[in-house]
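Colleague: For 117, the entry in Swiss-Prot reads active site, pros-phosphohistidine intermediate, with the evidence type sequence analysis. The ATP binding site annotation in Swiss-Prot covers 11, 59, 87, 93, 104, 114 and rests on sequence analysis.
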């Protein structure tokens with residue numbers, strides 16, 4: 001499997017629960033390296049731009065409102081098969097359907113307040129990483 005990078009966001013609900021460290025431990029325990037990280041409180045414009053792919057969907061406004069409701073922790077993860085590995089760690093979008101031991105099963109409250117975001121493919125990972133991190137701010141270790 002190839003070394004990949006993926007974007008991960010710890011959403012406002014999980015940041016408010018003070019579980020950033022527990023989530024980071026899961027990333028690292030799965031062999032993923034955190035090669036860039038920053039905390040931010042997204043503006044409405046940034047959240048709308050980042051989630052523009054969902055603009056026509058009925059949940060778009062609620063998603064944007066949620067993502068600007070508090071600070072988020074944004075990180076780039078790197079490792080063998082990082083995209084799929086992170087998605088496995090996150091679990092199903094709906095925490096009620098997520099397997100026990102996944103981030104969403106353990107820390108999410110609802111399908112809307114679902115604790116984390118992760119890129120779903122190499123192409124989207126590249127776009128999402130570039131959105132938050134200029135190349136000079138991502139460091140392989």
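Placed from the backbone N, Cα and C atoms, the Cβ positions cover glycine too.
Keep in mind that this is a model prediction, so the values were computed, not measured.
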Colleague: DSSP secondary structure for residue 114 (ATP binding site), reduced to helix/strand/coil, please.
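Modeller: Looking at the DSSP assignment, residue 114 (ATP binding site) belongs to neither helix nor strand, so coil.
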Colleague: Measuring Cα to Cα, tell me the gap between residue 87 (ATP binding site) and the residue listed as 'active site, pros-phosphohistidine intermediate' in whole angstrom.
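Modeller: Pair distance, Cα basis, whole Å: 9 Å.
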Colleague: In terms of Cα spacing, which of the binding-site residues 11, 59, 93 are within 10 angstroms of residue 117 (active site, pros-phosphohistidine intermediate)?
Modeller: 11, 93
Colleague: Just going by other Cβ atoms within 10 Å, which of the binding-site residues 93, 114 has the emptiest spot?
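Modeller: Candidates: the binding-site residues 93, 114. Fewest Cβ atoms within 10 Å: 93.
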Colleague: Please identify which of 87, 104, 117 has the densest Cβ environment, defined as other Cβ atoms within 10 Å, among these recorded positions.
Modeller: 104
Colleague: Give me the count of other Cβ atoms within 10 A of the Cβ belonging to residue 11 (ATP binding site).
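Modeller: Other Cβ atoms within 10 Å of residue 11 (ATP binding site): 23.
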Colleague: CB neighbours of residue 59 (ATP binding site) within 10 A?
Modeller: 12
Colleague: Looking only at DSSP and grouping its letters into three states, which state does residue 87 (ATP binding site) belong to?
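Modeller: Going by the DSSP assignment, residue 87 (ATP binding site) falls within a helical segment, counted as helix.
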Colleague: How many Å separate the two farthest-apart Cα atoms among the ATP-binding residues 11, 59, 87, 93, 104, 114?
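Modeller: Those residues reach a largest Cα separation of 21 Å.
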Colleague: Going by DSSP, is residue 11 (ATP binding site) sitting in a helix, a strand, or coil?
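Modeller: For residue 11 (ATP binding site) - judged by DSSP and reduced to three states - the answer is coil.
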